[in-house]
Amino acid sequence: MTGFFLFIILFTVIRSSPGHGNPGGSKFELIHRHHLERKPATQIQRLRQLLHSDTIRLREISHKVRLRQGHFDASRRQLPEKTTYYPACTNSSSRSKNDNNVPGEMPMHSGADYGTGQYFVRFRVGSPPQKLVLIADTGSDLTWMNCKYRCRGGSCRKSSNKRRVFLPDHSSSFRTVPCSSSMCKIDLANLFSLARCPSPTDPCAYDYRYSDGSAALGLFADETVTFTLTNRRKTRLKNVLVGCSESTRGQSFQGADGVMGLGYSNYSFAVKAAKRFGGKFSYCLVDHLSPENVSSYLIFGSHKEVGITYRRMRYTELLIGVITPFYAVKIKGISIGGLMLDIPPETWNLTGQGGAIIDSGSSLTGLTQKAYQPLMAALKLSLLNFKNLNLDIGPLEYCFNSTGFDESVVPRLAFHFEDGARFEPPVKSYVIDAAPGVKCLGFVPLSWPGASVIGNIMQQNHLWEFDLANSKLGFAASSCINLA
């Protein structure tokens with residue numbers, strides 16, 4: 001998880017009635033972070049912020065795929081002895097069985113206001129529940145929150161400097177993972193568990209690193225998460241692995257209280273919640289420049305019962321567990337105006353040196369050079385009548401004066417999957433607005449070898465269903481806002 005394009009969610013429970021034998025679905029409102037700016041940034045300023053974080057994230061994701069899962073060093077790292085990770089403050093101070101097929105709900109919020117490319121979701125954790133706002137990221141597999149461990153007394157507040165903090169001592173269900181356990185030593189090694197273990201009962205600690213250099217330092221625990229179901233009941237998901245982060249580093253977490261791991265791994269929140277809610281989750285994203293009264297949604301369980309209208313759903317194979325925690329797809333090629341581009345097949349070979357990832361945490365789409373160059377060349381041909389502008393906005397290669405521009409002059413782009421499915425995004429998802437009168441081709445070049453990354457702007461105006469139980473990715477064109 002690196003740069004984010006955050007959507008802030010106002011908690012909205014929208015009722016649905018699950019069909020017979022259908023696990024149902026729930027929908028959470030997503031609000032783009034730009035709608036929450038106290039001092040609204042200009043469009044070009046937002047784009048520069050987005051590019052700064054996106055560039056690092058895209059390159060690091062591509063680099064990680066290049067290293068391959070089999071080459072990942074899962075050995076546990078040492079933390080310098082002088083580094084302390086608790087305590088943060090030193091003062092002394094039944095659900096109904098009928099709810100099994102009813103989906104759970106969580107609202108999400110956009111974080112674009114903070115120069116990041118992720119989405120926010122409201123998260124209620126602990127017993128009794130404490131309310132936090134987390135970044136929802138399909139490129140992360142650890143769910144963690146700002147935390148004060150072993151903090152008692154009047155000085156332990158749930159928030160400080162407008163920062164919400166989870167207080168484990170206020171939760172009866174908080175259970176740390178012992179550092180001497182095999183879970184800490186082996187299972188959590190890929191989640192950056194630390195080797196330090198002063199005594200067998202001390203908590204298992206982590207130093208979780210993100211693609212942009214950000215990091216969170218804390219300890220692992222099992223906790224209870226509370227969902228509001230679409231029938232307005234509440235249900236609890238027990239024994240969810242969470243991180244109690246007592247310190248963080250980097251700009252990725254601005255405006256949020258932590259991260260919700262929607263990536264795929266044995267201990268990710270997405271996998272745990274999917275098992276409870278029908279084996280799948282979905283999201284539907286409107287244009288990031290839409291007015292603030294237009295919402296995006298995150299859905300746990302089936303999307304069919306929650307009132308979002310969409311066109312025909314198409315499915316392709318979802319590769320999970322290949323490059324943990326990312327979700328990969330098998331792309332056959334890219335066409336422009338119905339003509340397949342001359343892109344070498346190895347560009348998309350995940351078992352070789354290439355591949356493609358679907359990522360909610362990246363805003364722009366990054367393509368390795370073997371795909372980037374022919375695609376850019378084909379799109380530029382349709383824009384010859386518009387003046388090319390030399391703008392200093394990072395890696396965006398081609399920006400132009402859009403006076404008199406009409407989307408009809410740009411040939412349609414389509415991603416073709418190996419199993420015959422085709423994803424055709426709207427033109428505005430790859431010819432993006434940069435400033436009044438200025439548009440850019442919204443692609444970032446990535447080095448080869450490496451993986452290409454389909455970012456969340458390219459995914460807009462579509463419903464995306466991650467069917468973890470059946471290893472399928474569904475997608476369908478949708479306004480994301482029309483309710484049944």
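Glycine is treated like the rest: Cβ placed from N, Cα and C.
Note that TrEMBL annotation is computational and uncurated.
As given in TrEMBL:
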SIGNAL    1-21  signal peptide
DOMAIN    119-476  domain 'Peptidase A1'
ACT_SITE  ASP137  active site
ACT_SITE  ASP359  active site
One finds that other Cβ atoms within 10 Å of the Cβ of ASP137 (active site) number exactly 30
Taking just the CA atoms, what is the gap between ASP137 (active site) and ASP359 (active site) in Å? 8
Within the domain 'Peptidase A1' (119-476), what mean pLDDT does the predicted structure show? 88
